[in-house]
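Engineer: The compositional bias 'Low complexity' annotation in Swiss-Prot covers 1-18. Feature annotation from Swiss-Prot assigns region 'Disordered' to 1-31. The transmembrane segment annotation in Swiss-Prot covers 40-60, 83-103, 131-151, 171-191, 202-222, 245-265, 281-301, 332-352, 380-400, 409-429, 435-455, 462-482.
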Amino acid sequence: MASEAPHASAPDCAPASSDIPQQDGGSTNGHGHDLKGHGFFALALGSVGVVFGDIGTSPLYAFKEALAAASHDGVTRSEIFGVVSLALWALILIVTIKYVVFIMRADNKGEGGVLSLMALAQHAMGKRTTLVFVLGVAGAALFYGDAVITPAMSVLSAVEGLRTIPALEHGVTNEVVLLIATVMLLGLFFIQSRGTASVGKLFGPVCAVWFGVMFSLGLMNLAANPGILMAISPYYAVEFLAEHGLTGFIVLGAVFLTVTGVEALTADMGHFGRWPIQAAWLFFVLPCLAMNYLGQGAFALTTLETAQAAGKAMPELNWFFEMAPEALRLPLVLLAGAATVIASQAVITGAFSLTQQAIQLGLLPRLDVRRTSETQSGQIFVPQLNTMLLLGVLAIMFTFQTSSALAHAYGLAVTGTMIVTTCMAFIVMRKLWKWSMPMALLFLVPFLALDITFLSANALRFFSGGWLPVLIGAALFTIMATWVRGSQILTDKTRRDSLPVADLMDILRARAPHRAPGTAIFLTSDPDMTPVALMHNLKHNKVLHERNVILTVRTAETPRVSEEERVKIEKVNDDFKKVVVNYGFMESPNIPKALAVCRKQGLKFDIMATSFFLGRRSIVPSANSGMPLWQDRLFIYLMRNAANPTDFFKIPPGRVVELGAQVTV
């Protein structure tokens, strides 16, 4: 059963806002925090833990997997220099130039992320277009595939470091690694319902220590073999790709692991602001990552030289952990475990936030979204999603069992999301920023070519694991597309079968029904059509309240709506008023609070003498709905399992009256 109430996730609740999304970040972040002095430093430090947690744990496995892929015909200095050079230039071209310089400018009132960019692109186009919609939904769907893989990949790679400790290398079997990783992940997912605000303050400092340790380890090994500094030249990356053919292309797929997590730079702009994130990357995170990759390369060179001197083959090592002195490996594993848990937390929080946005923008049905902090708006918990993520992460971990096996599944979803981001940024540049076509193409062509190259390289891993995020993304895309299409069909049918409010007023003037004391609020998605609940009340109860409010909730294309724009009241006649309540896609609807604003604007009523009328619709599949029968059934399943509108809109349950009707779709 599903409600006919104004559905924040129904397409007919079209995003509508007079606010023009800003083209550039200002001196505050999306939440109005001061970006000067101590405040700027605090935000930059906080971003180190949340924004860069994922990309900051890539050194655990990226260099190892890339060098293993390059060693198909054995390892020489050429392979080591080539892999390090490719890693460094991936960080420079993709993260620094593409994201920090260009993509982060495309913020939507301080917010970023694929759905925020979709809303901005739609605003720039001036209308909803199929292209932008498909791009946005595809990008969001692929993110969920990444969100399932990241925790398993990160935590496994950290726990596997125990095998590099001489005293533990024989006792730490694969089963032990899986057990420890499972306990860590179970603990992480179980604390989500209580929120992470209390421990979240430690994320930045812990990750700052992590990056500092990575820098120190890299510097220590670089000092022992400084020749690796030549890999900073792009010549070695180009030479490697030119000389290694298909192997070089395969290595590109592994090198891409160095930039997984890059989307977090835009997704978390609303929490930390553009400038603190950019400063943290340029002056701290990038130098630490670059130094660590150089250090791993230097350690690999030293190992190669030692092996060649002894007449032996180059061993396959866990380069990150084994470049540390043996006495420091256990503390390093513990620190890596903490860093990967923080990285996983950031991904989980990102999934919760994306889900909230998708619900508000009409891409998903209502879900139970709970706030876990009274003071921090970003602290939310989505129980159904948390359970699905946990089951998905554990299933993936026990299926692939090692980080090396999982590496084949990692990357394909991220490259897909990056292509979506590039295309929508191009639309914003052309339509909103008014860049000339040649100037916009200077951005689009090289970066889209780079994205497609990495996508093609990762596609070679499709059958060895790359199918997994694609399958998850395809499933989520189907769910979102079905929900949007089904909701639109339902809205169109309801509109065809409904009576315009103006016509109802004429009927009521001609035949006045019995009047009931108090106020009735009828929730609907279309303020111009008579709500189904109102028609049923007149038809079956044959009464009309003294005061009647037709209330609609709409979602804007901006993350937040000012209090001045929150409520719009239109008087129909002495008995009826229309109220439209506007929310941003980052906000949670709260009808009682909105009604308090209405009272300030002169709408008088007693909440204890007010009844909320909701229409409950029983959906029956039809062969002529415009969707295949399987899609009809999926839509009905989604509607039946949507969160109760009473809870979703925070309506006092004791004041709700529900009236049902059967509808075919």
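Please read every residue number as a count from 1 along the shown chain.
Cβ atoms here come from the backbone N, Cα and C positions, even for glycine.
Explain the structural surroundings of these features, please.
Structural biologist: Taking Cβ pairs closer than 8 Å, the transmembrane segment (40-60) reaches residues 29, 33-34, 95, 150, 154, 157-158, 161, 200, 202-208, 210-211, 214, 257-262, 264-265, 268, 271-273, 275-277, 279-281, 284-285, 288-289, 292-293, 296, 320, 336, 339-340, 342-347, 349, 403 in its own chain, all 6 or more past its ends.
Here the transmembrane segment (131-151) has long-range neighbours at 54, 114-115, 117-119, 121-122, 125, 185, 188, 260-261, 263, 340, 343-344, 347-348, 350-351, 354, 358, 363, 389, 392-393, 396, 406, 409-410, 413-414, 416-417, 420-421, 423-424, 427, 468-477, 480-481, 484, meaning same-chain residues at least 6 beyond its ends whose C-beta is under 8 angstroms from one of its own.
Sequence-distant contacts of the transmembrane segment (281-301) (same chain, at least 6 residues past either end, Cβ-Cβ under 8 Å): 44, 48, 52, 55-56, 58-59, 62-63, 67, 75, 77, 80-81, 83-84, 87-88, 91, 95-96, 100, 208, 211-212, 214-215, 217-222, 224-229, 231-232, 258, 265, 319-320, 322-323.
Here the transmembrane segment (332-352) has long-range neighbours at 49-51, 53-54, 56-57, 60, 113, 143-144, 146-147, 150-151, 154-155, 157-159, 161-162, 164-165, 184-185, 188-189, 192, 196, 203, 206-207, 209-210, 213, 261, 264, 267-268, 321, 324, 369, 378, 380-382, 385-386, 389, meaning same-chain residues at least 6 beyond its ends whose C-beta is under 8 angstroms from one of its own.
Residues 147-149, 151-152, 156, 178, 181-182, 185-186, 189, 192-193, 195, 348, 351-353, 355-356, 367-372, 406, 409, 465, 468, 472, 588 of the same chain lie 6+ residues outside the transmembrane segment (380-400) yet bring a C-beta within less than 8 angstroms of a C-beta in it.
When Cβ-Cβ distances below 8 Å are used as the criterion, the transmembrane segment (462-482) is approached by residues 137-138, 140-142, 144-146, 148-149, 358, 363-364, 392, 396, 400, 405-413, 416, 627, 631, 634-635, 638 of the same chain, each at least six residues removed from its ends.
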Engineer: Could you pull out which residues elsewhere in the chain have a CB under 8 Å from any CB of the transmembrane segment (435-455), counting only those six or more residues past its ends?
Structural biologist: 93-94, 98, 102, 252-253, 256, 411-412, 415-416, 418-419, 422-423, 425-426, 429
Engineer: Six or more residues out from either end of the transmembrane segment (409-429), which same-chain residues have a Cβ under 8 Å from its Cβ atoms?
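Structural biologist: Distal contacts: 94, 98, 102-103, 106, 114, 117-118, 120-121, 124-125, 132, 135-136, 138-139, 142-143, 145-146, 149-150, 153, 253, 256-257, 259-260, 262-263, 266, 396, 400, 435, 439-440, 443-444, 447-448, 451-452, 454-455, 458-459, 461-462, 465-470, 472-473.
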Engineer: Can you work out which residues elsewhere in the same chain, 6+ from the ends of the transmembrane segment (245-265), have a Cβ less than 8 Å from its Cβ atoms?
Structural biologist: 50-56, 58-59, 61-63, 65-66, 68-70, 72-73, 82-83, 86-87, 90-91, 94-95, 99-100, 103-104, 112-114, 143, 146, 150, 277, 281, 289, 293, 343, 346, 350, 407, 410-411, 414-415, 417-418, 421, 453-454, 456-458, 460-461
